[in-house]
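Data block below; observations after.
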Amino acid sequence: MSTLAFEKWEGLGNDFVVVEVSSEQAVSPEQARLLCDRHRGIGADGVLLVIGGGTPRMVVLNADGSRPEMCGNGLRCVAAFLAERGGAEGLSMMIGTDAGDKACVIERRGPGLYDVTVDMGRATMGPRLEVEAEGKRHGFTTVDVGNPHAITFEPYAEAEVDRLGPKVATAPAGGINVEFCRVLDEGARTRIAVTVWERGVGRTLACGTGACAVAAAACEEGRAARAAPIEVVLPGGALEITVDEARGLQMKGPARRVFRGTWESSFDLGEGRTTPASWAGESTP
């Protein structure tokens, strides 16, 4: 029986179990799947491992145990998590990720509630992705922002998103995140509505890297202006994204601590079963 101290954080409804650990191997993919299970575990879209050091590091494990390169909403949550522990000097810090070091600026709005601005690096435009599904070819713009995204501005009904999302997400080797977009307002402040299908997770309320990729694609296709804030409206809320002339990306959005707790569980990794688990926690005031 092992005990794990954790915190539950969310960014626009994209929710995570955040754990401070000494190594990347402290939580296995099997354990991550159980922690994220909304019926038998704590419930989350992913687990964020926070590893201390001169430059603290974030490792992301998806709900299916896979390890993506980056997670924008998760990064904001980790920055706020570290700020609460005094790990932010002047409320700004660098955090290491599998997609490189990211500069974060943290602003406290209230107990357990923060706004975080992240320098997300540069977007890289990729080749056109064509997927055959339901007797039709579907085209997507691909963008890499530390992890891969497939973006379309074609109109799709909600039922079509549920059918097409998993097919597109598994089309390339290694998988790809998928964003279905609709421009709401153009001009000085562009607003874009986005529905997200994340590889390894499925539908989520928000995706920070996805919002960045959508903004980059919108600028590339002339749907939005560079160097001006773009409001990306996700099911869980809005993120503010700015794309500069060199495709550099700035993301601003909230991070909120939901509760703290401890988790006790035994893992039967040999047969993929677990013994009953228990946890106790306290909610954010």
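Just so you know, glycine gets a Cβ as well, placed from its N, Cα and C.
Unlike curated records, TrEMBL annotations are generated automatically.
Here is what TrEMBL records for this protein:
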type: ACT_SITE; residues: Cys71; note: active site
type: ACT_SITE; residues: Cys71; note: active site, proton donor
type: ACT_SITE; residues: Cys207; note: active site, proton acceptor
type: BINDING; residues: Asn14, Asn62, Gly72, Asn73, Asn147, Asn177, Glu198, Arg199, Gly208, Thr209; note: substrate binding site
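Long-range C-beta contacts of Gly208 (substrate binding site), restricted to its own chain and to partners at least six residues apart, with a cutoff below 8 Å, comprise Gly11, Asn14, Cys71, Gly72, Asn73, Gly74, Leu75, Arg76, Val118, Met120, Leu239, Met251, Gly253. Across the structure, Asn147 (substrate binding site) and the residue listed as 'active site, proton acceptor' place their CA atoms 11 angstrom apart. Here the CA atom of Glu198 (substrate binding site) lies 8 Å from the CA atom of Cys207 (active site, proton acceptor).
Between the binding-site residues Asn14, Asn147, the minimum number of other C-beta atoms within 10 Å of a residue's C-beta occurs at Asn147.
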